[in-house]
Each structure stands twice: as structure tokens, then as C-alpha cells.
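Each remark here refers to the structure printed beneath this line.
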Amino acid sequence: MEDEEMDKKVQQYLQRKGFRLTELALQEERNRLSTSATSDVALARSDNDPARYHDGYSRLRTWAYSSLDQYKHELLRVLHPVFIHSFMDLVAEGHMQEARSFFHTFREDHEVMHSRDLQMLEGVLSPSHLEEMELARSFRKNKFKIKLCEYSYELLLQYLQKTQARVVLGVINEHITFEVSPGQHSLISDDADVVALIGTSKDLAKQINQKEVHWGLLEDSVEERMEKALAESDKIEAESKDADVEDNKKRNAEGGKQGASLKKAKKDKLVGATGKNVRTETSMVSVAPRVKPELTLPATPVEVEQSILEDLRNRAQLNSVALPSVNFYTFVNTHNGLNCSSISHDGSLVVGGFSDSSVKIWDMSKIGQPAKMSSSQSENGSSQGERISTLDEGKRTYTLFQGHSGPVYSVAFSLFGDFLLSSSSDSTIRLWSTKLNANLVCYKGHNYPVWDVQFSPVGHYFASASHDRTARIWSMDKIQPLRIMAGHLSDVDCVQWHVNCNYIATGSSDKTVRLWDVQTGECIRMFIGHRSMVLSLAMSPDGQYMASGDEDGTIMIWDLSTGRCVSPLLGHSSCVWTLAFSCEGALLASGSADCTVKLWDVASSTKTLKTEDTKGSSANRLRLLKALPTKSTPVYSLRFSRRNLLFASGVLSLNSS
């Protein structure tokens, strides 16, 4: 009697707390214990039967596909994690033949959305492979989060209770957590993170995304100074315009109407082509809040500041009608040796990192000029940096930097182009001087290859991403990292600074993007939604939005303040290797291995999002303005100059179709 009363109390507790799956499991265990010894033996035999995985998944699959169309797309989400863990359980139990048969029978269900994972799991041939393979370990250690509406969740519970599918129930209890939303079912094109790997704690991502993010621009930035300078110039223009109006009236009275009107028309055109354009652009950035820097920022030289302000004054205004001019640098005869490239802010310098551990810089002003042998070539005779003056009979000049002992995977210019960073498979980062043509510092801290390195928007600081699953923040004057960002479940493949230098974003092979506070080293945002490794990142000029591109060709725009995906961009057919926002934030450029550059309309889509605040609507998708195909050149890097000229670079590929 006491046991029965205890069982009732436990059942009432589970019902009160809403633990339906646990209640089902307890009920199932109670039924199993109440059976006879003969049935226990038969049950034990069935537990060891590898066919139970095939039958359990097959019945779940048939039920999901036969469900109402209104809820079918939600219920089908459960199939992928059940398939993955059923296969891995068969392998772990040593049923290799049955595991292979199960894998090949049902892999077509997941080929479209999870082809990369299937290709890797196909190589699992023994239980030891599950321990060695990083993807399998990640699946084992972490849970899938699946979003379902309340009614779909009830349908799934009824199916599990009715069929007593113990294999499926075991997988769901151990490896899946559900996020049940009240009300109507979500659209198929709703949140991209309907199925995601979230980590051991189901509330981890939710807890992280509740932290505050100050996404605005820096106080006393160049943009603010530009606005003040424009305000002063506007006053002067207004005063001169009033004086001109009085002069015109006098001249009109004297009979010079035609000449004065022509002069006034020319002046209005001139003002409209300069001052009005700049005011429109800066107003888009000026709405962003101002924040204080968390790092000690270097002072900007006066002459450099004047140069920046001059570029801002002469910036071309871009929008959905006025698209940028594109300057594309193509590498030829690289013999598959070029791994990465970068372009200076004004397009005057182009650098490439090669598989033979070398770094080469081309000066665009010297392309096509006859090479000159100079005495400076022998002045820097160290093995760290050597000047090569001629190549191909003097048709091409470049500077050769040697120092790495492995392939170079990333290169980046400083804000003014006077310094260059390179990272390599030798786990080091090197700082080079483009003025001295020499290596200045070798930074050691990572334990494995460094995939990416990026200067901060103000220089002096830089961030790196590595195979050791960490990102690190460095200062040029210190050989040890200032901060180590750890938390990704796999390689950190790319890194990008926020415009206010208070945050960095990292993209990883674990299919997530994270935002980190540079002062505390703490993760303050986790963006879940990509279905393959994240290869590229870009920040909007106002600091509110971030773009990320993955291996499958999908681009996602994220709102940093909410952590939500604003809009997925579907258009590329291969890896998105590079992303860049235009200077006023109206356009997004993307470069891909499919040999195209695509331009997307960002401004109009974010405006409609703010006014309508729609969720899951197809109107949120950014509009593709133009696709710029190359003949046969995958796009390695993109960069908007301060005057809004788009620079791009890539390698001529004879194998591309």
C-alpha cells in the first residue's frame, strides 16, 4: 500500500510540473516490472535486437509523414536527431552491419538539410570512431533543441504513449529538449533555429541572450566629428545662399534675370552633389546611440583624421538604385597555392597568403611599371622579410614576406595600411611593417592552426580564431593575449570586431555565432540557426546588425540587441567566404565560391522590420539587388573603401564550370 501511495504522489507531482515525457517513462518502467519472468526474458531479448532501431524509426517516420499537413513540417523535425542517435547507438553496441543498413536506408530523409553531417558520419566504421570523431562527440555530449507548437507537441506525446516506442522515447528523453510555443504552428520559413544543437544545458542560449548589449558607436568618433563639421559648413552655406538670393534680386531688378537663374541652378546642383548627399548618409549612422570604449584606444594622427574626413565628404551615396562600382583583383597562375587575400582600405595594396608559407604584397601603383632594382633590397636582408623586385621579366612587382613555417590562412591590413597581420598553420601570428618590409613581432599563444585574424576598427588591437576552439584578443605591444574567449564546441573559423571595439563576433564549425565582451571575455550572445560551419562575418556601420555566411551558401542577418535572425538570405550555391556592408549600411555585399558577388538591399528591409515588427514573414527577406558573376573566379575577399567603392579579389580557377 505504501508503494502504491508513493507512486500516486510521484505521478501527481510529475503531472503538476508538466513532466509528460518523464511520466510516460515511469509508466513504461512500472508496466515492465509488473510483467512475468517469461515476458522479462523476451523483453531482454528484444532490447538486444538491433532491428528495434529500424522498426522504431520507421514507424515514427511513417506516422510523421502521414500527419496533417498543418503540423507535418514540425513533426518531421524530430526525425533527424532520432536518426542520428539510433545510428550511433547501433555502432556503439557493435552492430556495424545493421548500422550501415539503417544509415543507407533512411539517409535520403536528411540529405537536403544535413548533407555535411551525413558525409562525416558515413565514415564511422567502428565504436572507436565515435570517440575519435569530433562531430559524433558533439552529438553525444549536447542536446538538440526542437521548436514545436503546443498541438504538435501533444500529438507527439500521444503517439509515444500509444505505441510504447521505447527506443524513440529513450532517444527523445536523453538527447532532445523541446521548446513548446503556445498558439498556432510556426511557418516553415519561421526561425532558422527550429532544430539546433545547444549544449548540455537547455537554457544556456536563453540565459546568454538575456544579457545587455550596447551596440552603438563610440563617443567622439570620426562620424560625430563629421556631423559637427557638416553642421558648421551648413551654416556657412546657408549664409552665403541668403547673400546670393539678395544679389540675385538686385540683378533681376537690373535686368539680369537669365544669367542669375543659370548661376543659381548650377550652385544648387553643386550643393546637392556634395553637402546633401553626405548629410543623408551620416543621418543613418547618427541615429545609433553612443557608447564609451572599454579598451584604451590609440590616438588618431591629425593628418590621418583629415584624410578620413576628406574621404567621408566625397563618399558616394549608395542605395537600391545607386549601386557601387566594383574593382576586382584577380590572381592568376597561383597553382592552387593561394589560401587567402585582403585589400587595404583604399585599394592601393593587395596581399595574398600562400600554402608555401609566404606572404606577398602587390602595390597597385606599380603594376605594369618596369621594375627598378634598388639598394633598399639588401638593407632588409633578414629571413623574416625580403624584398623581391622583379618577377616575370619585370612585368610584376611585389614584396615577399617569409617567416611562417606552414600554410598562411589569413591576412589583414591595419586601418591605414602601414601594418599587416598573417596567421598560419604553425599556430603563430606575425606582424609585418609595409613601410620597412620586415617582420616586427611573432605572437605565440594558440596551440593549433590559426584560421583567421582581424585588426580592430581603430588598429592597435587584433583578434584571432583557431582550431583550438578559442578566440583571442591581442595588443600590438604585447606578445601574450589580453583575453581568451572559450566556449565553442568546435573550430573557431572566423572572427570580426564590432564597430565600437567593445565586442568581437566569432563563427564556428559548431554552426553557431557568438558575441563576446572584450573587457570580461564573456559570451553575451549566442546565435543559432546555421546548418553548416560559419565562414564569414560582417558588422553593420551602426553596430546594430551582423551578417554571417556559412558553407552551404546561406547568409543570415542578426539583430545584436535581441539575438534574433532578422532575415535569411538564400541565393549562393556554395560557400560564402566574405561579407561586407557599405559605409552607410544600405547594402550588403557577399562573395562566394560559386564565382559571384551579390548585392543585397539592407536598408529597406530593416526599416520595414522596425515598423511592422513581423515575425516569420517572407517580407523580412532582404531583396537581392544584383548578382555580379565572374568568368571563373571564386571570391576570396570584399571591402568597401571609405568612399564606397567596392574592392574584391579572387583566384582564377580553371576547374570552375
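Backbone N, Cα and C define each Cβ position, glycine as well.
In TrEMBL, annotation is done automatically, which means it is predicted and not curated.
Marked as compositional bias 'Basic and acidic residues' by TrEMBL: 231-254.
Here TrEMBL flags 374-386 as compositional bias 'Low complexity'.
Taken from TrEMBL, the feature domain 'TFIID subunit TAF5 NTD2' covers 48-176.
Residues or ranges marked as region 'Disordered' by TrEMBL: 231-275 (among others).
What TrEMBL records for 370-389 (among others) is region 'Disordered'.
Helix, strand and coil residue tallies for the repeat 'WD' (331-365), in that order: 2 helix, 19 strand, 14 coil [DSSP]. What TrEMBL lists as repeat 'WD' is 331-365 (among others).
Here TrEMBL flags 401-433 (among others) as repeat 'WD'. Here the repeat 'WD' (401-433) has, by DSSP, the following mix of helix, strand and coil residues: 0 helix, 20 strand, 13 coil.
Per TrEMBL, repeat 'WD' is recorded for 443-484 (among others). With a threshold of 8 Å between CB atoms, the same-chain residues lying at least 6 positions outside the repeat 'WD' (443-484) that come near it are 295, 297-298, 300, 406, 409-416, 419, 421-431, 490-497, 499, 501, 504, 506, 508, 516, 518, 521.
The repeat 'WD' annotation in TrEMBL covers 485-526 (among others). DSSP states for the repeat 'WD' (485-526), grouped as helix (H, G, I), strand (E, B) and coil, give 0 helix, 24 strand, 18 coil.
Restricting the average to the repeat 'WD' (527-568) gives a pLDDT of 91. What TrEMBL records for 527-568 (among others) is repeat 'WD'.
Counting same-chain residues at least six beyond the ends of the repeat 'WD' (569-610), those with a Cβ under 8 angstroms from any Cβ of the stretch are 281-282, 284-285, 315, 317-320, 323-324, 326, 328, 535-542, 545, 547-557, 619-640, 642-644, 646, 648, 650, 653, 656. Marked as repeat 'WD' by TrEMBL: 569-610 (among others).
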Point to revise | Residue numbers, six or more beyond the limits of the repeat 'WD' (331-365), whose CB comes under 8 Å of its CB atoms | key: 396-413, 415-417, 420, 422, 424, 426, 432, 434, 636-637, 639, 641-642, 645, 647-652
